[in-house]
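According to TrEMBL:
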- H52, H100, D185, H189: Mn(2+) binding site (BINDING)
- 27-108: domain 'Manganese/iron superoxide dismutase N-terminal' (DOMAIN)
- 115-218: domain 'Manganese/iron superoxide dismutase C-terminal' (DOMAIN)
Amino acid sequence: MLCRLASAGRSSGKLIAPLGCLVSRQKHTLPDLPYDYGALEPHINAEIMQLHHSKHHATYVNNLNVTEEKYKEALAKGDVTAQVSLQPALKFNGGGHINHTIFWTNLSPNGGGEPKGELMEAIKRDFGSFANFKEKLTAVSVGVQGSGWGWLGYNKEQGRLQIAACANQDPLQGTTGLIPLLGIDVWEHAYYLQYKNVRPDYLKAIWNVINWENVSSRYTTCKK
């Protein structure tokens, strides 16, 4: 299942590009968090952050490296069948690594509140108000069936912001063409130890640690 756009506009329908550059690729590594595991408390507790980062994200990184090695071997052998069979693992683990790398920087112990400047103006332009945007992204994230992500992305072709929901670890840009600005992880491992199965409570809390400086920086960069 590919990402689902939550607002009007065409999806580019792009899939993850063939990884022909794997022959020279260095191994992926788990990025350090820019804050301590307990820094986001009481909104996200330290136990969740430690497990989420050091176990779940690390597993995506390790599995991505293993899969890329297998893909490199299949490329060398010209084994197209093996290359095709490895695509789901590349998409899942590659997406997991991409998504979480963005997610950690989207959060901050000094976060919360509202964005400023160009990003705020764009939100008002495309969603009417910050309150409308927040309500819509929350609703889309709550509505993800099973596991997945809620996203704020930038549609470069149309020059506007869009909200999307992605299943599993589908990467936003690789499956919709939208440039990721803000991702909200709604896999249960992101909140279950603290919020049990009450996803709306987790989503209400996470707005208190959104790093709008990071989101704004991503918006400025993708417009260039």
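Heads up, the Cβ atoms here are built off N, Cα and C, so glycines get one too.
Compute the center of the Cβ atoms of H52, H100, D185, H189, which mark the site for Mn(2+); besides them, the chain residues with Cβ within 8 Å of that center are H53, H56, H57, F103, W187, A190. When DSSP labels each residue, the domain 'Manganese/iron superoxide dismutase N-terminal' (27-108) comes out as 59 helix, 1 strand, 22 coil, counted as helix, strand and coil in that order. Within the model, the domain 'Manganese/iron superoxide dismutase N-terminal' (27-108) carries an average pLDDT of 97. There are 25 other CB atoms within 10 A of the CB of D185 (Mn(2+) binding site), with all protein chains counted. Each of the binding-site residues H100, H189 was scored by how many other Cβ atoms lie within 10 Å of its Cβ, and the smallest score goes to H189.
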